[in-house]
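Have a look at the structure below, then the notes.
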Amino acid sequence: MALFGAHVSSAGSILKTFKRAKDIGAEVFQFFLRSPRAWYWKGVDKETKQAFIEKLKDFKNPVMVHAPYLLNLASPNEELREKSVKVFLEELKFCDEVGIHFYNFHPGTAKGISDEEGLRNVIKSLEEVFSEYTPKFTTVLLENTAGERGDLGKNFKELKEIMNVFRGIKLGVCLDTCHAFAYGYEINTKEGFENFKREIEKMVGLESVKAVHANDSKVPLGGRKDRHEHIGKGYIGLEGFKNLLKDEYFSTLPYYIETPKENNMDPVNLSVLREIYQNNDL
């Protein structure tokens with residue numbers, strides 16, 4: 001059964017995320033542990049941590065933490081790469097300790113180096129992470145990217161290269177619909193969607209996809225820019241989300257919207273997804 005939710009703010013306290021999710025009718029939710037554009041994190045005090053654990057147990061459905069945007073595990077700058085590994089480790093440990101289901105990250109950006117070198121750096125960084133800490137509960141999700149500015153993980157061949165190194169580690173994929181479409185996957189036609197599924201199955205296996213970031217795209221197919229739009233209002237359109245939500249496998253996953261936040265649109269976007277999912281006439 002598909003579950004629908006959104007990215008919510010953790011401003012003030014991570015405990016506030018549950019109420020913010022409830023207020024928009026979210027069955028699942030995602031949040032940042034720290035400002036996505038800051039390295040510093042004051043951490044979580046013992047009382048807040050315990051309260052969060054209890055709330056999470058009551059919530060039951062999958063909660064996702066998104067890694068900060070500053071992280072770049074692919075960076076040729078050793079100081080930046082090591083800093084990224086440190087933050088990744090810090091957040092992954094916390095997620096695993098409190099029972100967060102998913103820790104999601106962008107593989108990284110190959111700035112000034114080849115994609116191959118960048119992928120080697122990502123693998124090196126993850127080796128450093130997992131040699132120090134192996135999650136027992138939390139699944140680490142690699143998010144596909146739009147391929148903008150050297151972003152890695154833009155296709156499932158690249159994701160496979162990373163994931164194949166870490167057999168036995170709780171790894172999976174978070175499919176971002178906007179990123180996939182902007183890269184060039186034609187998920188809004190029947191034929192394009194079937195080709196897309198075949199590539200996933202061939203490269204990483206459908207079962208590797210554990211969650212979906214449901215976002216329409218402000219850029220056309222292959223536009224290679226990460227620009228999210230409201231569901232049904234962009235170039236993917238309702239057909240793309242219908243392909244996903246009527247599919248035997250993708251209709252079983254949790255969906256997290258990261259659509260523009262203006263005018264309290266989260267409940268509207270969630271209702272559009274639910275209507276597609278529940279209406280057999282569509």
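Easy rule for this one: first residue shown is 1, then count along the chain.
Glycine residues also receive a Cβ, built from the backbone N, Cα and C atoms like all the rest.
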Among Asp58, Asp96, Asp176 - the residue Swiss-Prot places in the same Zn(2+) 2 site as Glu143, His213, Glu258: Asp176
Nearest-integer angstrom distance between the alpha carbons (Cα) of Asp226 (Zn(2+) 3 binding site) and Glu258 (Zn(2+) 2 binding site): 12
Other CB atoms within 10 A, centred on Asp176 (Zn(2+) 2 binding site): 27
Neighbour count (Cβ, 10 Å) for Asp226 (Zn(2+) 3 binding site): 21
